[in-house]
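Student: The domain 'G-protein coupled receptors family 1 profile' annotation in TrEMBL covers 40-289. Here TrEMBL flags 20-47, 59-78, 90-115, 136-157, 199-225, 237-259, 271-291 as transmembrane segment.
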Amino acid sequence: MEQYNNTVAEFILVGFTTDPVIQLVLFVIFLAVYALTVLGNSTLIVLICSDSRLHTPMYFFIGNLSFLDFGLSTVYTPKILVTCISEDKGISFAGCVTQFFFSAGLGYTECYLLAAMAYDRYVAISKPLLYSQAMSLKLCAFLATASYLGGFINSVIITKDTFSLTFCSDNVIDDFFCDIPPLVKLACGKKGSFQSVLFFLLASNVIIPIVFILVSYLFIIATILRIRSTQGRLKAFSTCSSHIISVTLYYGSILYIYTRPRSSYSLDRDKIVSTFYTVVFPMLNPLIYSLRNKDVNEALNKLFK
């Protein structure tokens, strides 16, 4: 930690409120959400690993997505729960760096993985008879590995640049976790070069995957329009519906937080949006990919029987 230029030994996480009654209510809500997140994602991973019918490229990526959501929620929620019921709102400088690193790494990896899943859906719809051969295990493993490497390499860069900023006397983070906007607000040194790094990482981890996803869906739409029967079109579109919902919710909240003009920042409003993609969204993903999924429901019934 000696390389970081600061006089702050720890940060204070304000959280959502100082009202003890509301804090207790929030503790119960976040505990329930975290329990559902752990249960939903771990169950989906067990089903995908144990049922041979789910050993397909699509479920391979869904299993990795569940793993990322489990990890992302675990990075944030335990500290949120402690902050809600404890008078000690502090997080050490090293703890803040660690939380920031893993949250960025897992979040960036999910951006790349959602892009890989878009390509998987394109191949499934455009080449249904050659799907298994086109999306081989080797290719799936390569896409997943590249997603993890890209996510954590970029996390090293943004973590190093963020905590190389100078933090002076003010150590109160007006948020429930260590995130870029409140940390930059606390920094008292030069921020110009950091902004350029932030824009580069935003482009490489968010904008480029979004463009890739949009191009994939343009090809998907073109393929669906060539299908003659209405039932065939609906069936093809239904294979993409879960992924479209995930992409819209995840990227929508991230773009809202990190692409607005600095003058329009509202930390209170941002807390709500941040809560969605850090805590709520990991709970929703297992539901999105299983509620209307016949294969998953059959595997779940088989598991309980």
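Note: Cβ is positioned from N, Cα and C throughout, glycine not excepted.
Buried or exposed, and what's around them? Tell me for each listed feature.
Tutor: Through the fold, the transmembrane segment (20-47) approaches residues 54, 62-63, 66-67, 69-70, 73-74, 77-78, 80-81, 84-85, 279-280, 282-283, 285-287, 289-290, 296, 299-300, 303 of its own chain, all at least 6 residues removed from its boundaries and within a Cβ separation under 8 Å.
Tertiary neighbourhood of the transmembrane segment (90-115): same-chain residues 1, 4, 6, 8-13, 61, 64-65, 68-69, 71-72, 75-76, 79, 144, 146-148, 150-152, 154-156, 158-159, 162-163, 177-179, 183, 201, 205-206, 209, 212-213, 216, 243, 246-247, 250-251, 254, 278, selected by CB-CB distance under 8 Å and a gap of 6+ residues from either end.
Through the fold, the transmembrane segment (199-225) approaches residues 108, 111-112, 114-115, 118-119, 121-122, 125-126, 150-151, 154, 157-158, 233, 236-237, 240, 244, 247, 251, 254-255, 258-259 of its own chain, all at least 6 residues removed from its boundaries and within a Cβ separation under 8 Å.
With a threshold of 8 Å between CB atoms, the same-chain residues lying at least 6 positions outside the transmembrane segment (237-259) that come near it are 65, 107, 110-111, 114, 117-118, 121, 124-125, 180-181, 198, 202, 206, 210, 213, 217, 220, 224, 270, 273-274, 276-277, 281, 284-285, 288-289, 292-293.
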Student: Mean pLDDT for the domain 'G-protein coupled receptors family 1 profile' (40-289), as a whole number?
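Tutor: Here the predicted model's pLDDT, averaged over the domain 'G-protein coupled receptors family 1 profile' (40-289), is 86.
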